[in-house]
Structure formats: C-alpha cells, structure tokens
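Asks: From TrEMBL, here are the annotated features:
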- 28-43: transmembrane segment (TRANSMEM)
- 55-72: transmembrane segment (TRANSMEM)
- 84-103: transmembrane segment (TRANSMEM)
- 115-136: transmembrane segment (TRANSMEM)
- 148-165: transmembrane segment (TRANSMEM)
C-alpha cells in the first residue's frame, strides 16, 4: 500500500476522532466512516482480489456495520429490538466479506471460499434466538427451548458420527 494513501487515511481518521471529541461532529458516525475508509483501503491495497488485503475488508465491514448500528440506535426508535439487530448487522458484515472477496477466489476450493458464511449464519441464528427470547411468550417458548437445545446437540452429534464412519475416520 502506498504511503501517501496511508498518511492521508491516518490524517482523516485522526481528524474525525478529534472533531468528535471536541463535539463538532456526532460521534455515532465516526465508526461508520472509519469502517468505510478501511473498505476503501482494501480496494486500494491490490489490483485484483488475489492481491488485496482481506484483513482490511473484514475489519472494515465489521466496523462499518457496528457504526451503522450505532447510527440507527441513536437516530431511530428501535426500542428493545437493538438486541437482535446488533447480531444481524455483524452477520451482514461477514456476508459482505463473502460477496466482495472470498467468492471470487476461484483457485481455492469452494469450502475455503465459503468460510465467511459460517460466522454469518451463526450470528444470524443467534439473532433469531435473541429475537425469539425477547418477543415470544415465555410460557410458550420456554418448554420448546429447554427441549430443542439438547435435541439439537444430539442430532448434530449423530450427524458428525455418521459422517466420520462414512469417511472411515
């Protein structure tokens, strides 16, 4: 990465933080702008998807989504929906990493290209869990959750054992 761009990036980020600390700039936008600058830096870090620095994109996507969540939480009436929205935004960050970067790495096997989908799915599933716990009738959902979790663990365990026996491991 060229030093002029890095120097300009540091000046912009330092200026944003200074303006925010002095009260001239709303603080909730700071994270989102820093995240967007990291994503722009990702695009400038190489001429093709194979040469770009994936760490910049991962960090930029996460910081952008956390910043977007902060902006929405401060400026819109989200009420008690903020619990699951945070995890939805984090899941979207990993989905963006897949869509922008890893799905284009055609020389890698499909399994190595799909890794961002796993944290995206886990965060989405956790967001759904938080949503269910916050908004469903506790008397109705508690027996289901008490029984579904252990059964889910058993099912996943059986699937892993069956796959291991099929592969001979």
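Cβ atoms here come from the backbone N, Cα and C positions, even for glycine.
Walk me through where these features lie, including what they touch and how far apart they are.
Replies: The list of residues near the transmembrane segment (28-43) in space but at least 6 beyond its ends in sequence, with Cβ under 8 angstroms from a Cβ of it, reads 1, 5-6, 9, 12-13, 16-17, 20, 52-54, 56-57, 59-68, 70-71, 73-75.
Sequence-distant contacts of the transmembrane segment (55-72) (same chain, six or more residues past either end, CB-CB distance under 8 Å): 28-42, 45, 78, 82, 85-86, 89-90, 92-94, 96-97, 100-101.
Within the chain carrying the transmembrane segment (84-103), a Cβ under 8 angstroms from the stretch's Cβ atoms is held by residues 49, 52, 54, 57-58, 61-62, 64-66, 68-69, 72-73, 78, 112-117, 119-124, 126-128, 130-131, 134, all 6 or more beyond its ends.
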